[in-house]
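As given in Swiss-Prot:
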type	residues	note
BINDING	153, 155, 181, 184	Zn(2+) binding site
COMPBIAS	58-74	compositional bias 'Basic and acidic residues'
DOMAIN	10-105	domain 'J'
DOMAIN	126-193	domain 'DPH-type MB'
REGION	55-77	region 'Disordered'
């Protein structure tokens, strides 16, 4: 389960991987390579150390001159701990943990607001909150008898927002699922409750 407190930086940023919607398929090899690159980049022994004593160069009059050492503040890229890198790798390499992490991350990005206008800012990001009963329900054509719910989006996609029984079962504990439109960048939060005897 993902902790409610978000890390200093998101796990995709730590491993220098793209966070896309819908989530891009990342192979175990891609994750492992990104993990090793992050470890090498942020390893304390590999980091460029600024010497405590300045480097000396000799001038023509044999006086010692001091070179300015590289400014560490010039590189504004964050440094991550080994623990942060390991947590990112473990979360993104486990399909269940990654799905939960992605859900939390998408929700945070969609509903993030600033100051007193937080709710208003969240509204402007395109998150619409609806009940499952507000969507059209039909049986999927996969022969398994599974149901799907959909609703058109203002971008013109008649099935822009689509959720399946399997999606709802995964989020049964939360009673809500956040989905993005298939045709644009709008989001919808669907509220639902599992009936007795379901799941």
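For all residues, glycine too, the Cβ spot is worked out from N, Cα and C.
Neighbour density at the Cβ, taken as the number of other Cβ atoms within 10 Å, is lowest among the binding-site residues 181, 184 for 184. In the domain 'DPH-type MB' (126-193), helix, strand and coil residues by DSSP number 9 helix, 28 strand, 31 coil. Sitting within 8 Å of the Cβ centre of 153, 155, 181, 184, and not among those site residues for Zn(2+), are the Cβ atoms of 154, 156, 157, 160, 161, 182, 183, 185, 186. Looking at the domain 'DPH-type MB' (126-193) alone, the prediction's average pLDDT is 86.
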